[in-house]
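As recorded in TrEMBL:
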DOMAIN    50-154  domain 'Cytochrome c'
BINDING   64, 67, 68  heme c 1 binding site
DOMAIN    194-302  domain 'Cytochrome c'
BINDING   209, 212, 213  heme c 2 binding site
DOMAIN    315-405  domain 'Cytochrome c'
BINDING   328, 331, 332  heme c 3 binding site
């Protein structure tokens, strides 16, 4: 009996090793690489110019600079942007044509494998913070154009910053196991001239919006496809739901989305936190037709009600109202009407409508720096009140704003504020 049990255990162990080995090999493979769409050695001046211009639009649409720019110098390809995840902290890599620190030695095929399959030269698995789970449908033509554009940018001789991942995620080959479970096979998107199809490609593939705006599974932290674009708390802020129903409920229209993507400002609010760099490097520089295609896809071209003031939810706090009138009304108005081109309205601001108050708490604590947005829009300075408001006062103020303009109950407690602050601080 004992011998039979030992044999069974041994067989199970061997089977386990075989399964793990198979998963590793599968997760370490990049799959078939489609042939290049152009002969790079035979490009004429006009062909090269068209490909170069297309490559920049792919770079902007893919929001590459948001992770691969330098926080210190602003150089778009130098890398260094920290990405705080539950598994540790990663830093965007140098993707300039530097042969020592960047991708100057890569071929267009190498770039396709990295973007679509998360595999760098030398069979090096990239961490899935590189959104290849979304990029897996990128067209080979777009990768070819992107490669041409990247290789003509100035080389930035800055070394990559090593990741700071927790065990066992610090073992890079383990990424192959994650790939085996979660990575979709690289397969080119079926393009057409239809605006909604183009919008889907820009939102789901190049823009990889679901990477932040969809919830993650608890087991492997992969995108939860069953809750596509239903909102997610990530890096200390809430990336709101972008489904047509959610956008309609918060008073968005197709034109408002276009304005928001292009200028960073609309009646529904202003781009802040991670979206500030998205505006600076991506959406404000995209072709207007592409921005409109994104808005068409997100709204599904539905008729939307537009900005609306929600009915107050319950009896508002006198303490909260007094705090708002004393700290906020000078710029945002006693009725939340705001001031054009300087202070956003609160009466139609979607931040007060979110299911979680974390964004409202964060912006009140940290404030907003005066800055130019895009296409002539700008924001004046909003001071932060982290050192002036207790958690109880913050709860009173947040509850007043959410009840008055967000259609939300005034149920945020001081203890919940403290927990949200911990989440915010952990993301830095």
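Cβ atoms are placed via backbone N, Cα and C, with glycine included.
Automatic, uncurated: that is what TrEMBL annotation is.
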Counts of helix, strand and coil residues, the domain 'Cytochrome c' (50-154), according to DSSP: 42 helix, 12 strand, 51 coil
Residue among binding-site residues 68, 332 with least C-beta crowding, 10 angstrom cut-off: 332
Near-site residues: heme c 1, ref 64, 67, 68, CB cutoff 8 A to centroid: 63, 65, 66, 69, 76, 77, 79, 81, 92, 95
Residues satisfying Cβ distance under 8 Å from residue 67 (heme c 1 binding site), sequence separation of at least 6: 81, 83, 92, 129
Fewest other C-beta atoms within 10 angstroms, as judged across 212, 331, which are the binding-site residues: 331
